[in-house]
């Protein structure tokens, strides 16, 4: 009985040591992105960040993109009253940011939830593109410059993490993504990808 208690204590200590040794992966992950400081700041601002894996970090950043897009749309709606002469440019920006919310963000979330981050990169990249197009619709200065630049930066950071996550998945599951349809089961990958449909009508392959 005493030996059993000792064994249980040892197991518990080993589990704690593993948790401590692993720690947060925020900093090493952010080193793979184009803006380390922004990446760390965004991820540390969310309580989920300290215990999240790479997929979890990607989801946090997708939430940041969603939040910023929502904030920008609210700003656009306010500008219709303050700057009516900018209506055409604001209409374009409104369409672009609605695309981010209604297409890009859901696409990226679905890719993560299905365990195929590689196929979420397009949505993340497109969020930055939509912001750039919005900015380009203004002749000269834009009241949305700060927000559009922030979206571009967050998009670039998120894309890097999606790419990093894709590499991890490929190393765990095999480099040939179509082979995952065979229900490969490994220590880091238990997935079934048959007939996965993404929200723009795409399939995995």
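Note: Cβ is positioned from N, Cα and C throughout, glycine not excepted.
Swiss-Prot lists 30-39, 93-134 with the feature disulfide bond, giving similarity to another entry as the kind of evidence. Swiss-Prot lists 139, 156 with the feature N-linked glycosylation site. According to Swiss-Prot, the signal peptide annotation covers 1-23.
Features per Swiss-Prot, on structure.
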{"residue": "30", "record": "disulfide bond", "CB count, 10 Å": "23"}
{"residue": "39", "record": "disulfide bond", "CB count, 10 Å": "26"}
{"residue": "93", "record": "disulfide bond", "CB count, 10 Å": "27"}
{"residue": "134", "record": "disulfide bond", "CB count, 10 Å": "25"}
{"residue": "139", "record": "N-linked glycosylation site", "CB count, 10 Å": "8"}
{"residue": "156", "record": "N-linked glycosylation site", "CB count, 10 Å": "18"}
Margin query: Of the disulfide-bonded residues 30, 39, 93, which one has its Cα closest to the Cα of residue 139 (N-linked glycosylation site)?
Written below: 93
Notebook entry, point to check: Hey, does DSSP put residue 30 (disulfide bond) in a helix, a strand, or just coil?
Noted result: helix
Notebook entry, point to check: Where the distance is taken from Cα to Cα, which of the recorded positions 93, 134, 156 turns out closest to residue 30 (disulfide bond)?
Noted result: 156
